[in-house]
Amino acid sequence: MGMAGAVVQLFISLLVPIGLVWYGRKKGWLSWKALGVGAAVFLVFSQVLEKALHIAVLEPGRPALKGTDSVWLFVLYAALAAGLFEEIGRYVGFRWLLKQHRGYGDGLSFGLGHGGTEAVLLGVVGAVNVIVLASLIQSGSFDKTIAPSLPPRQVELIKEQVLHTPFAMYVLGGLERLFALAVHVALSLLVLLGVRKRQFRYVLYAILLHAAMDVMPALYQVKVVTNVWVVEAVLLIWAVAAVLFIGRMKPAFERGGEKR
């Protein structure tokens, strides 16, 4: 079931962002520049700068801060780090890189670029890794090429995860990327509104909201919460709230011009 589930995760994580890009072009709101800046901001602020901080302060291979085993400090750090880096990144993108692209469609495009890139890196790349490993294991090539260089316990763990992870978990993985995508678009609009109004407090709101959303996954990492369905249910609530927010934000952009 591992390979079949990974294929489903791949299609969800890849086709939905592509479909939204196509829909944005059809409706006329898509901005390629805002889309590209959103993707670049995610890569630089989340995948380079945030990960550099993780290397400096996190224990390798386990969810804990260096120098302390406090799960609560880890949860606080994990939630705030993502919020700070990604929302400050959005602010930098809109404030200095998109001076002529600050309309409602630009906010949608930025969020789509940011969240879509995350979906591809986490959902698509992860699924491809599972598909490749499953193929190698089933053909016997894994035992001949990769297994000899790994500890026996790690070999068994990889096989167990690849071949026996329930199908539903892969579907959840794909859906989680969509939940995150909705939130990224909503937070992009919130930060953009702050840039238009020249009120940095909107960025602080976005940081706090982003951190609040990441609390539940962090609690799952440290096994304070052990039911993945509870985690995904909470993320679904965040996604629904984000979609409602996105719809209600359009009049705010149409009513008021940008403060100069």
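Quick reminder: no glycine exception, Cβ is built from N, Cα and C everywhere.
Note that TrEMBL annotation is computational and uncurated.
TrEMBL lists 6-23 (among others) with the feature transmembrane segment.
According to TrEMBL, the transmembrane segment annotation covers 30-49 (among others).
Feature annotation from TrEMBL assigns transmembrane segment to 71-98 (among others). Remote same-chain partners of the transmembrane segment (71-98), defined as residues 6 or more beyond its termini with a Cβ less than 8 Å from a stretch Cβ, comprise 33-34, 37-38, 40-42, 44-46, 49-50, 53-54, 57, 63-65, 106, 110, 114, 187-188, 191-192, 194-195, 200, 203, 206-212, 214-215, 217-219, 221-222, 224.
Sequence annotations record features per position, and here TrEMBL assigns transmembrane segment to 119-137 (among others).
The annotation transmembrane segment is assigned in TrEMBL to 178-195 (among others).
What TrEMBL lists as transmembrane segment is 202-222 (among others). With a threshold of 8 Å between CB atoms, the same-chain residues lying at least 6 positions outside the transmembrane segment (202-222) that come near it are 63, 71, 74-75, 78-80, 82-84, 86-88, 90-91, 183, 187, 190-191, 193-195, 228, 230-231, 234-235, 238.
If you look up TrEMBL, you'll see 228-247 (among others) marked as transmembrane segment.
Same-chain residues lying 6+ beyond the ends of the transmembrane segment (30-49) with a Cβ under 8 Å from its Cβ atoms: 21, 24, 82, 85-86, 88-90, 92-93, 97-98, 101, 103, 105-118, 121, 188. Here the transmembrane segment (6-23) has long-range neighbours at 30, 35, 112, 115-116, 119-120, 122-124, 126-128, 130-131, 134, 167, 170-171, 173-175, 177-178, 181, meaning same-chain residues at least 6 beyond its ends whose C-beta is under 8 angstroms from one of its own.
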